Amino acid sequence: MTVYVEKVRALEIFDSRGNPTVEVHAYLSDGTVAKAEVPSGASTGEKEAVELRDGGNRLQGKGVTQAVTNVNGPINDALKGLSPYNQAEIDRTMIKLDGTLNKAKLGANAILGTSMAIARAAARSKDEPLYRYLGGCELEMPQTFHNVINGGKHADNGIDIQEFMITPVAKNSFRDGFEKIVNTYHALKAVIEEAGFETGLGDEGGFAPNLNSSEEALKMLRKAIIKAGYKPRKDIAIAFDAAASSFYNTEDGKYHFEGHIWNGEEMLQYYDKLLKEFPEIISCEDPFDENDWENFEKFTAKFGSTHQVVADDNVCTNPKLVRKAIKDKLCNSILIKLNQIGTITETLETIRLARKNNMTTMVSHRSGETGDTFIADFTVATNAGQLKSGAPARSERVEKYNRLLEIENQIGVENERLNHFPNNVDFD
């Protein structure tokens, strides 16, 4: 029996920040139904694919009814009758239908939701876990990064660096590493309370104490790691996402950072001091504005041999921009966000390109999340190696980690079979 896409239907739902987003249901001819929910970001790169919003007064202009209409109308009409097992054909059909360079006509939220829903339906139709359907064999669990102190656009406090993350370095399994993170997270709460600060949470489940500096946040992290019974860097390491575009002033070309107004060279000197003071930092993301490639390149030239330097806002999971980053030696790692580019196929192209050029990759959630666990399966399927999905708190974050625990258990039980399992999905 030939299985084909019977229809796709969308509706407007809400994400973890109370903003509207798109949910898509895919219906196959064999009776299979699957859904996907699309996340959205607070700190977004200018080169990201367009997230179609309605504008106007309703829901602060953030409604997505036009994106929903696009799924239910032209996207549905274009995909009816296609094989759900040929992901590349599904995605390229939508890209061609949209006809713009940034998916501005149909909306990346409409296109991605459909891309994900059909992939999940195809896996379900074959009675396979999504990670196995997408990845086939030789699957590995990822290193996870957890945003436990939120600043920047993710919190209302005095810290300009957006994310302070911890990652388990010494671990016997994903579960073992995650338990270390949970222990450190609870120790951090105690450290913050002992210092007299509130322990309210930011968008990504991390604490958002009203600290005065990034150094203060890093000292708290170090103290929490030790309090939890671990050794900084040896057991638990630290990473940060500066999201520097959020504190870069385009009018004067300076970085307005925690009471200072610095040029690129002064910002570089600050990072140099910070990394020397905190050797437990192993990964740095977006240390400069997305258009400040010159200083980004200088940062990588200076620290790239000892630290992971992750590019996000300046490449936006876009293969064309990643090629330029490779040529210019901008970074040594690429952040992967499916909704920045808008289809599974293009995201896979970016991962392959980075890996071919000896770059690491890190799959990422967004600050406006849903309970959808697609990225957990996707990270394992692609052997991306790294995932960041927020703190071990707030259900929309923890759902991803719980899914990884399930996957680890399944891989452990079925490892011998998985090593010989064919890849059933066509991405070419």
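Heads up, residue numbers simply count up from 1 along the chain you see.
Here the Cβ of each residue, glycine as well, is placed from N, Cα and C on the backbone.
Record check, Swiss-Prot: Mg(2+) site residues include ASP241, ASP312, and the candidate from GLU215, GLU280, GLU285, GLU346 also listed there is GLU285. Swiss-Prot lists GLN162, ARG366, SER367, LYS388 as binding (2R)-2-phosphoglycerate, and of LYS180, LYS189, LYS337, LYS400 the one it places in that same site is LYS337.
Using GLU204 (active site, proton donor) as the reference Cα, a 10 A cut-off selects ARG366, SER367 from the binding-site residues ASP241, ASP312, LYS337, ARG366, SER367. Cα proximity to ASP312 (Mg(2+) binding site) (within 10 Å) is found for none of the binding-site residues GLN162, ARG366, SER367, LYS388. Ranking the binding-site residues GLN162, SER367 by how many other Cβ atoms lie within 10 angstroms of each Cβ puts SER367 at the bottom. Note: the Mg(2+) site is recorded as ASP241, GLU285, ASP312; in the same chain, GLN162, GLU163, ALA242, ALA243, CYS284, ASP286, VAL310, ALA311, ASP313, LEU335, SER364 also have Cβ atoms within 8 Å of that site's Cβ centroid.
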